[in-house]
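Among the features that TrEMBL reports, transmembrane segment is placed at B:12-37, B:49-66, B:72-93, B:105-126, B:146-167, B:188-206, B:212-230, B:237-258, B:264-283.
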Amino acid sequence: MKDTALLSAPLQVQDLTVSYGGDPVLTGADLTVPEGEMTAIIGPNGAGKSTLLKSALGLVKPLSGTITAWDQPLAAQRDRIAYVPQRASVDWDFPTTVLEVALMGLYRQLGLLRRTRPHHRDKALACLDRVGMSDLADRQIGQLSGGQQQRVFLARALAQEAELYLLDEPFAGVDAATEAAIITVLHGLRDAGKTVLCVHHDLSTVPRYFDHVCLLNRHTVAQGPTATTFTDANLMRTYDGRLPTAA
Amino acid sequence: MLLDALTLNLGYNATLVALGATALGLAAGTVGTFLYLRQRSLVSDAISHATLPGVAIAFLVMVALGGTGRNLAGLMLGSAITAALGLATVTWLTRATRLPQDAAIGAVLSVFFGTGITLLTVIQTLDAGQQAGLESVLLGATAGMLRADALLIAAGGALTLLATMALRRPLLMIAFDEGYAAQRGLNVAHYDLALLGLVLAVTVTGLKITGLILIVALLVIPPVAARFWTDRAPRMALIAAVIGAGAGYVGAALSASAPDLPTGPLIVLTAFSAFAVSLFCAPRRGLLASALRHTRQRATARS
């Protein structure tokens with residue numbers, strides 16, 4: 001059972017080394033994301049968590065290593081993968097609305113010249129509704145709270161109807177209500193057979209939220225089911241011998 | 001006199017100039033909006049300064065071939081070539097080194113401009129006959145504008161406008177969230193190149209009207225003014241286009257209303273007055289509105 005899961009893994013990263021010009025950020029990192037589960041990448045600051053995620057999205061070019069999605073090159077599977085970037089990575093004073101951001105998720109259907117039709121709008125609105133944001137569809141994005149911004153990003157990913165969702169710190173700086181709303185949506189995706197991978201930093205919620213973990217500190221320290229992998233011993237090795245108090 | 005100018009009653013040349021300037025402002029405001037949203041407004045400065053050596057070289061080539069050296073299409077082609085070269089240098093410098101983009105722009109801008117000025121000085125000593133006034137490409141020279149020139153400018157403006165409209169969706173997506181756009185399969189480098197190509201087209205188109213230097217103002221001021229009035233990118237592009245076109249039209253008319261008034265600077269000053277009005281009077285984002293809001297909030301907090 002485990003072997004077949006590995007064979008058709010939605011995401012498989014092997015022996016990945018990445019550098020931004022200086023010392024490598026990742027050296028020989030491995031990651032296997034099992035189908036239909038919630039996986040977390042955890043590790044200290046500067047461990048290369050976001051870099052691993054961005055490599056898995058094809059946004060960062062690695063020095064060496066292989067990345068496959070469902071046993072195929074990444075580029076061939078792009079449309080089955082949805083990305084939720086870090087909230088802080090964009091300028092929220094950008095002149096656009098909540099609905100317009102959600103509509104970006106439908107870019108593949110809209111393309112260059114096609115007009116936005118009512119059924120596109122309806123779909124984007126339905127996705128906003130799943131994250132509790134449909135009432136604010138016409139609002140300028142600069143007027144949103146951090147949690148609301150995060151929900152809009154999630155709605156945009158939902159509009160893609162992907163099978164693998166990669167989220168970079170989706171719970172960073174959001175309120176408790178948003179965190180609950182997001183985790184409900186993510187667990188709903190998992191229960192519908194989709195696969196979810198999050199870069200995550202709050203160790204206290206790992207056992208409750210995630211089925212599978214990858215402990216990272218420039219290389220993969222351990223990965224596997226949360227129950228057997230998320231142990232004090234592994235965490236000590238990941239966090240350089242200093243266990244964070246939250247665990 | 002001014003009324004005559006505004007109603008296009010000052011003769012054939014003034015009408016040509018006003019129509020050309022309107023088309024130019026329309027295109028510049030639209031393209032400038034996307035450049036502003038991509039946070040690349042300063043690149044237009046590098047492009048415009050890098051056109052100068054091209055103008056000089058084009059002049060020399062045309063004279064060597066037996067022409068007058070003042071053919072607008074020829075000058076535009078020459079300026080486009082060196083502007084593209086300058087653009088490529090900025091892009092290469094920022095990618096190959098860790099130089100920040102503003103420093104790369106500063107370096108390229110001054111070197112290209114210096115080269116251009118040197119070439120112009122050389123041309124003046126050459127006594128090529130028709131060289132007088134070639135330096136007017138710096139600030140625009142509309143007095144001798146021909147019908148063909150005006151048509152060329154209008155066509156250039158219209159083409160640029162159409163291309164920008166066609167690319168609006170990917171351009172906006174990249175401007176808002178580059179990483180997400182790249183993951184969706186958009187080639188960010190190619191679209192950035194296309195955007196800069198459109199800026200280059202506007203700059204070259206403006207050669208005769210605002211001149212190479214002041215075109216920057218027409219690319220930057222209308223979007224900045226438009227941003228005060230709206231929180232929607234498409235509407236912002238539309239408002240910037242209207243401000244650009246209005247500035248082109250009114251500026252050209254003003255310059256025709258009295259002898260020897262320069263067209264380019266008047267267009268820029270008209271655009272600036274639109275900016276000043278926006279800065280103070282725009283609802284919500286304007287200075288007056290925020291001051292009012294602030295006072296009201298203080299009053300509520302005290303009571």
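Any Cβ shown, glycine's included, is placed from N, Cα and C.
Automatic, uncurated: that is what TrEMBL annotation is.
Between the transmembrane segment (B:105-126) and the listed ranges B:12-37, B:72-93, B:188-206, the one holding the most Cβ pairs under 8 Å is B:72-93. The transmembrane segment (B:72-93) makes no contact with the transmembrane segment (B:12-37): fewer than 3 of their CB pairs lie within 8 A, with pairs spaced 6 or more apart in sequence. Using a cut-off of 8 Å between Cβ atoms, the transmembrane segment (B:264-283) and the transmembrane segment (B:212-230) share at least three residue pairs, counting only pairs 6 or more apart in sequence.
Contact between the transmembrane segment (B:212-230) and the transmembrane segment (B:146-167) is absent: fewer than three CB pairs lie under 8 Å, with pairs separated by 6 or more positions in sequence. Same-chain residues lying 6 or more positions outside the transmembrane segment (B:49-66) and placing a CB less than 8 Å from one of its CB atoms are 74-75, 77-83, 85-87, 108-110, 112-113, 115-117, 119-120, 122-123, 128, 130-131, 134, 137-138, 203-204, 207, 212-213.
Put simply, of B:12-37, B:146-167, B:188-206, the stretch with the most CB pairs closer than 8 A to the transmembrane segment (B:237-258) is B:12-37.
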